[in-house]
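As recorded in TrEMBL:
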TRANSMEM  42-60  transmembrane segment
TRANSMEM  66-88  transmembrane segment
TRANSMEM  108-128  transmembrane segment
TRANSMEM  134-151  transmembrane segment
TRANSMEM  172-190  transmembrane segment
TRANSMEM  196-214  transmembrane segment
TRANSMEM  281-300  transmembrane segment
TRANSMEM  321-343  transmembrane segment
TRANSMEM  355-374  transmembrane segment
Amino acid sequence: MSYNYTVNIINSIKNMAGKLLPQSKTKKQVLKGVSWLAGDKIVRLAISVFTGALVTRYLGPERYGTLSALTAFAALFGPIANMGVNSIILRDIGAHPEKEKSIIDASIILKMVGGVTSVLLAIAIALFAKQPQYQPLLVVFATFNFLFYFLDNFESWFYARNEQRKPVIAGQISFMFTSALRVACIILNLGLPAILLTYSLDSVLGGVLVYFNARKHLSFRILSVQYHKENVLRLLKESLPLMFASMGTIIFMKIDKVVMPWLTTAYVLGIYSAATRLSELWYFIPFSLCTAFAPLIAAAKSKSPEIYEKRMRKALIVVNLVTMSLALFTLLIGPFAINLYAGSKYVSALPALQVHIWSLPFISIGLVVDIWLLNEHLQRLQVARTFTTAAVNIVLNILLVPKYGAVGAAWATLIAYTYPGFFANLLDKRTRAVFWLELRSIIPTPKNLQLIFEK
């Protein structure tokens, strides 16, 4: 992937988006930002699929299972390192650019404390767990990048100024370099620890490049950071709920791979991880669809209940139809996809893939429901539902994995994912209305299909 290839993708996205966005003074600025971010994600996805396939084949199921457990375990501590401050930085610098130094100072201090805390906590739990997959040295390799998360503040600084191009290019350089480094580790047969290091190095190098881009425009440096108690405490108070919400989401997404080392072998975990990797490749599609629908639904909320309900139904119908089609397509190409991506060593991942792929429609419906919760000012329910789903997933893994292996883990995930965006709405009277809306929308009746094409 070359820089020119990335630019071509970005220009294509810009042309398509330009036809959809209304004319406004900020249209050009918005288009540039959206195009750079979307182009970055597309290029990253293409490269990660290629390098991911090489890593999966090189390590084999057992070592790949260890890698998956380590990266999932490390991810649990990422929200502590990040401290939930990125969105606050965006908001505050955008609203008060004259206070950018005090905002950046407070966020750097919080993230430095969070980074050290997260690494020490991860090592302490690894020592206590005494699991072969969670060797303390490997945990250090998987988490050392948390110590440099404070550099992400300068990426947020660029975004607050609507200058996405520079951090995207810096991230692309870092991502391509560490991806090439990962391939070199495979060619030189350097093993699991070296490959693990390349994943952590990516965010560190990207952060350093972004900082050196930003320092040309800043009137201060990292070494000139000043501690102001009231600023730090104010930021901490605002960021803690966001940190816990982020932690809940990570637990929700990663807990199956974290608990599996206690329930089965690294080999089984590797088989399951290969299946989920192929299933999760589709996740960007419902995320993109919901990102497109969100402002339309929010705008309809202020117009009339009828238009609001119609847009919600349209979103549910489209997202469900697309993800159900993707699930069926994955069933058809499953054997070919596993052999192409992971090789013959992972052929036993097929049954797990055939089960896990059906979690995609439920995750996607949950994303649409999240939009509804936000518009109804019920977003507090999301955190409780996320932690409940994680708890259900843990219990189901304990019950199913020892007997059924990777397929049991896939069933545990599928059953757990039906709760937050579907059955939880039935159980809570505040969200029962959206549950009945879901039931009316998920079946592709002629009336529902006709609604897709209505304005």
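Note that Cβ sites are derived from N, Cα and C of the backbone, with glycine treated the same way.
Not measured: the values here are computed from a predicted model.
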Taking a Cβ cut-off under 8 Å, which residues six or more beyond the ends of the transmembrane segment (134-151) line up next to it in the same chain?
66, 69-71, 73-74, 77-78, 80-82, 107-108, 111-112, 114-116, 118-119, 122-123, 125-127, 192-193, 196-197, 199-204, 207-208, 210-211, 222, 261
So which of 108-128, 196-214, 281-300, 321-343 has the most C-beta pairs under 8 Å when paired with the transmembrane segment (42-60)?
321-343
Sort out for me which stretch, of 108-128, 281-300, 321-343, has the most Cβ pairs below 8 angstroms to the transmembrane segment (66-88).
108-128
